[in-house]
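Enquirer: This is the feature table in Swiss-Prot:
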type   : residues : note
REPEAT : 108-142  : repeat 'PPR 2'
REPEAT : 143-173  : repeat 'PPR 3'
REPEAT : 209-239  : repeat 'PPR 5'
REPEAT : 272-306  : repeat 'PPR 7'
REPEAT : 307-341  : repeat 'PPR 8'
REPEAT : 342-372  : repeat 'PPR 9'
REGION : 377-452  : region 'Type E motif'
REGION : 453-483  : region 'Type E(+) motif'
REGION : 484-581  : region 'Type DYW motif'
Amino acid sequence: MARVYMETMIQKCVSFSQIKQLQSHFLTAGHFQSSFLRSRLLERCAISPFGDLSFAVQIFRYIPKPLTNDWNAIIRGFAGSSHPSLAFSWYRSMLQQSSSSSAICRVDALTCSFTLKACARALCSSAMDQLHCQINRRGLSADSLLCTTLLDAYSKNGDLISAYKLFDEMPVRDVASWNALIAGLVSGNRASEAMELYKRMETEGIRRSEVTVVAALGACSHLGDVKEGENIFHGYSNDNVIVSNAAIDMYSKCGFVDKAYQVFEQFTGKKSVVTWNTMITGFAVHGEAHRALEIFDKLEDNGIKPDDVSYLAALTACRHAGLVEYGLSVFNNMACKGVERNMKHYGCVVDLLSRAGRLREAHDIICSMSMIPDPVLWQSLLGASEIYSDVEMAEIASREIKEMGVNNDGDFVLLSNVYAAQGRWKDVGRVRDDMESKQVKKIPGLSYIEAKGTIHEFYNSDKSHEQWREIYEKIDEIRFKIREDGYVAQTGLVLHDIGEEEKENALCYHSEKLAVAYGLMMMDGADEESPVRVINNLRICGDCHVVFKHISKIYKREIIVRDRVRFHRFKDGSCSCRDFW
């Protein structure tokens, strides 16, 4: 009876002071000798929201010979803490303690599970193989729940080869195993493989869960495959908040922001802050700042407290629309509302000021930050320095980027263009030499387009497509027509020391141009209202931006491009970004 009473008392602890009082009572009443009650108290202290992990460690130090449950409580606490890597340190200490013949603690499935979750959170890939070996050595590989946790940890650490191997070796695969690998493939930018696995799961008769649907919709978002996304979302009720959030995100990222808003409006359950944030972000990246900010302003009226993501979405809307004063007001309001600013908030404001030509203010904000600025902030300043031909600021930003050890090909191009605009050709040559000496590699451009139910991929100068000859002929046709319309190639974007004609040729076979050309081919005779939709893995280049404006006017076809920053809607010779990107 005493044990039941004390366990009830532990469960009733709702503050740290109550936990401390109970611990004192344990010591004086002798309950500390009960391993069951002791481990329950440790768990309450280590993992409850009102507990204190450091105090749990102090309690642990009082134990002369900690048992398995005592160790597990501490490891579990660190796994869910802000320092998950410490869980692996405790695991190694436990492993050392359990190796002696007189040990009374043993690493069990729960120990491994908690440590794996810590490794997944800390992205501690070096520990994964060690844990995998221990699982096999201790005969725990038949534990399907533990194997799924291991699979999830491999996936989150980006080791998809090991994840696939483990998945194929598992004697029993439940829906959680499939979900872990599908989600891992999506986060590892292997969305096509994720969709193949999702379809294989359906073929094998595995009933999908809510988590499956969210992961699959994420894959569709990456691929821009709205048709498959609609098929997956079809049949779900309008009150499932997690799936509806994923559907809003999917529609937005596939370029159908009005359909996203339809899901948002028709949702019958209680909208979470994530629901609102997803919709605000959707409008923001589509350049519909006023609709985004209108929803942002409704948050508190609907009983939702804006969080850091809400403010980031609002700042993103201001950033894409050039709403400088409103953006600064949103940024300054964060402190009044008790919302802590992070690097992304500063990044939005720096980009907003920079693109408005207020480079000194942007520079001052970077220098006054309480945290160390990341390279993205300086890259925003460098990009704006090119727009406004500010050599001094470009050199400052470039120097800061280099000191951080970042060698991005785009940064070299921007600095070179600033020098070229001032006729400083020796400096242009120096930048090129610096780029070559550092062996800077360009990230290959990759674009997707969906045509007749199939996703097609294109790389720069790609000739792997079965219709590449027809696509290149279409490119030649486009080049002829846009030249007649006044197009001049932006050859300054090409850093290589080659002739102007070769530079123009290098520009005309960018992946997004190949995708648009293919889209135009596939839409011959199609409804004029149907746009060409392309997804690009990089920020759209200035030349492609100009070309697509000409194409939209000449071919009377809307072109929608999602790059890594935002959506661009080209129609009748202009872009929704108003050349502010």
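A Cβ is built for glycine as well, from the same backbone N, Cα and C atoms used for every other residue.
Describe each of these features in terms of where it is and what it packs against.
Expert: Within the model, the repeat 'PPR 2' (108-142) shows a mean pLDDT value of 86, rounded to a whole number.
Counting residue by residue with DSSP, the repeat 'PPR 3' (143-173) contains 23 helix, 0 strand, 8 coil.
For the repeat 'PPR 5' (209-239), DSSP puts the residue distribution at 22 helix, 0 strand, 9 coil.
Each residue of the repeat 'PPR 8' (307-341) gets a DSSP state, and the totals for helix, strand and coil are 27 helix, 0 strand, 8 coil.
With a cut-off of 8 Å between Cβ atoms, the residues of this chain six or more beyond the repeat 'PPR 9' (342-372) that come close are 308, 311-312, 315-316, 318-319, 322-324, 327-328, 331, 334, 378, 380-381, 383-385, 387-388, 390, 393, 396, 580.
The helix, strand and coil residue counts that DSSP assigns across the region 'Type E(+) motif' (453-483) are 16 helix, 6 strand, 9 coil.
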Enquirer: Counting only residues 6 or more past its boundaries, what in the same chain has a CB within less than 8 Å of a CB in the repeat 'PPR 8' (307-341)?
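Expert: Cβ under 8 Å, 6 or more out: 273-274, 276-277, 280-281, 283-285, 287-290, 292-293, 296, 299, 348-349, 351-353, 355-356, 358, 566, 577-578, 580-581.
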Enquirer: Reported in the order helix, strand, coil, what are the DSSP residue counts of the repeat 'PPR 7' (272-306)?
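Expert: DSSP composition of the repeat 'PPR 7' (272-306): 26 helix, 0 strand, 9 coil.
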Enquirer: Counting only residues 6+ away from its ends, which parts of the chain sit with a Cβ under 8 Å from the region 'Type E(+) motif' (453-483)?
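Expert: For the region 'Type E(+) motif' (453-483), the sequence-distant neighbours (Cβ-Cβ under 8 Å, at least 6 residues beyond its ends) are 192, 223-225, 227, 444-447, 508-515, 517-518, 520-521, 547, 550-551, 554.
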